[in-house]
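Engineer: Supplied in structure tokens, the structure appears directly below.
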Amino acid sequence: MGNQVKTAALLAALSGLLIAISYWVIGGSSGLIIGIGLAAVTNLFSWYQSDKIALAVYQAQPVSEGEAPGLYRMVQRLSDRANIPMPRVYIVPSQGANAFATGRDPEHAAVAVTEGILNILPDDELEGVIAHELTHIINRDTLTQAVAATVAGAISFLAQMVSYSLWFGGGSRDDNRGANPLGVLLTVMLAPLAATIIQLAISRTREFSADAGSARLTGNPRALARALQRLEALAKQIPLNANPAFEPLLIINSISGQFLGNLFSSHPATEARVAALLKLEQQLPTKAY
């Protein structure tokens, strides 16, 4: 419950930031109304298009049971065990080792893994990764993360447009009488940074829960712990290149564990995640599967 409240508060802060940007840049009640409308449209768009956006960003390709029988049957088996509809299965054409889930609810969900992760993880570790992604679907984290990514992207886009306007003289002084000059400057400089920090904080609140859900679903926390360690090392060697706004969807990232790394990381430190999994191992009954 604590993580859910924190996530809701962070999402509200992100939408509030989008509204504030419009207010400061456009000025007055018009800016406020436009900001509220933009936030509403962005969130509604994310609700219906979140899966399509994420899959397109990573160029994920759908696969059938005949094309990837081992992966397909693993997703099917774990979905049955979790008592959720089987999500669509995708493969990302990249040697970077990673995975993600997307979709607004379990009935409209998808799980995607890279070619790289299929090549390097043994079955028990891959099972832990798939179970982690299915837990995101069960918890509706996939929608939360997609909305956060889309709103953060809208904030960055708006700030970039304002920046271009300032540099290239778009609009006269009379056209912008309602705008607050200091607000415009602060928007261009700080809004994308603030949006990124909030978005990444949202992601970090969900990862421990997904790890724990994976451990309970497979009965094998240690396998996921090994997978996370292996994936972190490989992610630094072969990163999965895409829009940074969608990095929180991935199971692992490659940002260092220093203070600034933690602040701008979409995930908790891998060491902390591994420690939590090994602690959970002591609390779980003997693996039944």
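Backbone N, Cα and C define each Cβ position, glycine as well.
Just lifted these from Swiss-Prot, have a look:
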- 7-26: transmembrane segment (TRANSMEM)
- 31-48: transmembrane segment (TRANSMEM)
- His132, His136, Glu207: Zn(2+) binding site (BINDING)
- Glu133: active site (ACT_SITE)
- 151-171: transmembrane segment (TRANSMEM)
- 182-202: transmembrane segment (TRANSMEM)
Engineer: I need the least crowded one of these recorded positions (Glu133, Glu207), counting other C-beta atoms within 10 angstroms of each C-beta.
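Structural biologist: Each of the recorded positions Glu133, Glu207 was scored by Cβ atoms within 10 Å; lowest is Glu207.
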Engineer: Is it possible to get the count of other C-beta atoms within 10 angstroms of the C-beta of His132 (Zn(2+) binding site)?
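Structural biologist: A count of 26.
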Engineer: With a radius of 8 angstroms around the mean position of the C-beta atoms of His132, His136, Glu207, what other residues of the same chain does the Zn(2+) site pick up?
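Structural biologist: Close Cβ neighbours, site residues excluded: Ala101, Glu133, Thr135, Asp141, Arg206, Ser209, Ala210, Asp211, Gly213, Ser214, Ile251.
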Engineer: Counting every protein chain present, what is the number of Cβ atoms, excluding its own, within 10 Å of the Cβ of His136 (Zn(2+) binding site)?
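Structural biologist: Its Cβ shell of radius 10 Å holds 27 other Cβ atoms.
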Engineer: Roughly how many angstrom lie between the C-alpha atoms of Glu207 (Zn(2+) binding site) and the residue listed as 'active site'?
Structural biologist: 10
